[in-house]
């Protein structure tokens, strides 16, 4: 019997079945030795369910319900409107069946060869784990004693808690019936789900007949009733016994490991990657999976955007906008002047961080400098006066949280662009020296600071270019220094020495023609030549 519990019949889905989550990325299901996951994609085994395993699955479920309702699991009907469903509640006519499934989202309706049928199969495997009721699906039972405990556990649940919902329309004598889940009244003539374990008159809307723990629809209306609530088989079993997070089986041994609010068989509390025992050792939880320190650093450690080195799990880490830094004065500093920015406001710009706008402008690349044809609008934003960061919350979008390993540090960001908050990173209190030698991860692309010593900086020059006459939309006023002349004090405006003053080229309207001028006298020519000798045009 012990050899049977350790046998190869653990896999219900069959080797090579495709993964519904990963699709073509997974070559097919390859069962782990004792985990209920695929070794290729690491998805749970219910993600690899397929219609080819329906017979084995339904046979197991029929034993679970003592065979009394076998027909409802694979009920067939001569009516074409019912034959299109992979499963229908018993005792309903085609109109009532349509009324029942109309309450569900389309992706959860079990049409044959549809996403709803895959959803049903996945939920059957998840809500009613075969290894919760039959020893031949278990791989972690130690000896006949634990197999007998599993048998007694399954029989007691079947006798005291297991039931199947019955669907029927609400009659006129049951007016005022209220749904036990949402508290709303169920109208007369609408179909409702009745649970005999709950008592007479207790019913639910079809879409409200869900597990009290996971809030998922109770697949095929199979429920376990406990203390006035209905549960799926998985979560009801966890009310009675702890479940191993690694092998997904109910724990019947006298000893188990408890950490992070989860339970493990003592021998199963190991690194998810290398499977080294973690009892009494340091570990890190990621996605509900424990890792040893060396595997975690090898797989998930970040690299500092300043020095390019790996950030160890015991080193402080700052994150912002997808970038990471060591929480040290040598790494988290201004990219221009090198001043430490720990606990101070900083300005992120082009992959670098700066202490002020002046440093970011001085260290700007030629592409981002000002030119007559382009203007950096980010410098035109009106910013608030930001001081040294404190622990209290400040107003405006200029404040963003930067994550420090082990604690949250609020830093002021001199920027008006809203940035999403970064997730906190778990810290450990013990120390770990060095990084694993087998680490072969490449350093991510980073922006490095330019060599400022090889470039000569010149003062910023801003040039302006007046538009052409055809592009002038507004009037342009020019100011000139005022002067008086005794020979022209009584002349009309726009004339000088009796002659009209021509407009400059950039102020001439389209079709402008210069006013006629009289032939100058010899005296005027002499004066003009004399003036030209002492006048410079710039």
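Using the three backbone atoms N, Cα and C, a Cβ is placed for every residue, glycine included.
Keep in mind the model is a prediction, meaning the values are calculated, not measured.
Among the features that Swiss-Prot reports, domain 'PET' is placed at 66-175. Helix, strand and coil content of the domain 'PET' (66-175), in residues and according to DSSP, is 59 helix, 9 strand, 42 coil.
Summarising model confidence by region, the domain 'LIM zinc-binding 1' (177-241) averages a pLDDT of 94. Per Swiss-Prot, domain 'LIM zinc-binding 1' is recorded for 177-241.
For 242-302, the entry in Swiss-Prot reads domain 'LIM zinc-binding 2'. Across the domain 'LIM zinc-binding 2' (242-302), the DSSP tally of helix, strand and coil residues reads 11 helix, 17 strand, 33 coil.
If you look up Swiss-Prot, you'll see 305-366 marked as domain 'LIM zinc-binding 3'. The domain 'LIM zinc-binding 3' (305-366): residue composition by secondary structure is 7 helix, 18 strand, 37 coil, according to DSSP.
Annotation comment: Swiss-Prot describes 369-378 (among others) as compositional bias 'Polar residues'.
Among the features that Swiss-Prot reports, region 'Disordered' is placed at 369-398 (among others).
Summarising the annotation, Swiss-Prot assigns region 'Disordered' to 433-463 (among others).
Feature annotation from Swiss-Prot assigns compositional bias 'Basic and acidic residues' to 435-449.
Among the features that Swiss-Prot reports, compositional bias 'Polar residues' is placed at 451-463 (among others).
Feature annotation from Swiss-Prot assigns compositional bias 'Low complexity' to 475-488 (among others).
What Swiss-Prot records for 475-538 (among others) is region 'Disordered'.
Under the heading compositional bias 'Low complexity', Swiss-Prot lists 514-523 (among others).
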Counts by DSSP class (helix H/G/I, strand E/B, coil) across the domain 'LIM zinc-binding 1' (177-241):
14 helix, 19 strand, 32 coil
